[in-house]
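Note sheet for the following structure.
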Amino acid sequence: MSRLLGGTLERVCKAVLLLCLLHFLVAVILYFDVYAQHLAFFSRFSIRSPAHALYPAASSSTNCSRPNATASSSGLPEVPSARPGPTAPVIPPCPDVPPGLVGRVVIEFTSPMPLERVQRENPGVLLGGRYTPPDCTPAQTVAVIIPFRHREHHLRYWLHYLHPMLRRQRLRYGIYVINQHGEETFNRAKLLNVGFLEALKEDATYDCFIFSDVDLVPMDDRNLYRCGDQPRHFAIAMDKFGFRLPYASYFGGVSGLSKAQFLRINGFPNEYWGWGGEDDDIFNRISLTGMKISRPDVRIGRYRMIKHDRDKHNEPNPQRFSKIQNTKLSMKWDGIGSLRYRVLEVSRQPLFTNITVDIGRPMSWLNQG
């Protein structure tokens, strides 16, 4: 009996031992399987986000790197590869009333005026007579157009006084001297038309055009060379006329039109050869298109004229009075749309751009441009 009981206990102990061994093996297998899963998880996390330990996690509604950053597929923010550099300073717009104006300026034409001196006085002016103020952004880009022939002496004085004045006015501008080639009869208005087109060829952003005789110098820098809602007449009080407007419709000397205003009147007439008449024709064009003349205060719009004799081949135009009477008809076909000329040379000088052109002669269409 005892022998039978001992055999039974031995078999039970062996069975328990086998069960314990089986349980141990199952536990070991499960342990290594869980360990492998954890190792794979942390390996993937380390590859995707190597810099995670250096940057704290951000909430889903906040991005601390840059406004356009996006979250990764794991829900964690992506770390930028490089931080953005400093932004360029914003240049403010130029004020309506420039702070550096001096008002009335003493003008004299007795001292010698070499171009080298004028160039030294205006170091900020770039080749071709271009200037942009460094401390503000102007609202307009201004082209100053000068009809010209054989007036080098006058031009030096004009540049001497005008460059500093235009810089004080905080203008972005360029100076264009339109030089009529040859000795045919002078045609001021046609040269101004040429200047309008040639300036736009160089810089299509020009939106204001100042047309100035080379012998007229403003006496007050508060006479701002800008364009407004209406065509502007600047030279309203010349010493030549006793500092008074000679007549109500006078539009001579120095005037300004925006690009849109100039095109609205079909530019200036091309058929006024010789002295006189074209200014009155331009006034008629402005009136006929429903615009009005804007002028500065008479105390500000004062000018000095450099005295000179009448130019050869610029005699008074005997047809000017009859032409003025027909502006309503002639402005439709005579103007910027019918302009013909030929550019002979473009020379960019330190203080201005010289454009020499062949504009033909009276009753001639030989200049095909």
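Cβ coordinates come from backbone N, Cα and C, glycine included.
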Among ARG244, ARG302, ARG304, ARG320, indicate the single residue that Swiss-Prot lists for the N-acetyl-D-glucosamine site containing GLY277, GLU278, ASP279, ASP280.
ARG320
Between CYS64, CYS136, which residue forms the disulfide that Swiss-Prot gives for CYS94?
CYS136
Cβ-based neighbourhood (8 Å from the centroid) of the N-acetyl-D-glucosamine site, residues GLY277, GLU278, ASP279, ASP280, ARG320 excluded
ALA189, TYR272, GLY276, ASP281, ILE282, ASN317, LYS323, ILE324
Shortest C-alpha distance to ASN187 (UDP-alpha-D-galactose binding site) - which of the recorded positions CYS94, CYS208, GLY277, ASP280
GLY277
Find, among the recorded positions listed as ASN187, ASN354, the one whose Cβ has the highest number of other Cβ atoms within 10 Å in the structure shown.
ASN187
In sequence order, which same-chain residues at least six apart have a C-beta under 8 angstroms from GLU278 (N-acetyl-D-glucosamine binding site)?
ARG188, ALA189, PHE268, PRO269, TYR272, ARG320
Going by DSSP, is TRP275 (UDP-alpha-D-galactose binding site) sitting in a helix, a strand, or coil?
strand
Within 10 Å of the Cβ of VAL214 (UDP-alpha-D-galactose binding site), how many other Cβ atoms are there?
21
Check the Cα-Cα distances from VAL214 (UDP-alpha-D-galactose binding site) to the recorded positions CYS208, CYS227, ASN354 and tell me which is shortest.
ASN354
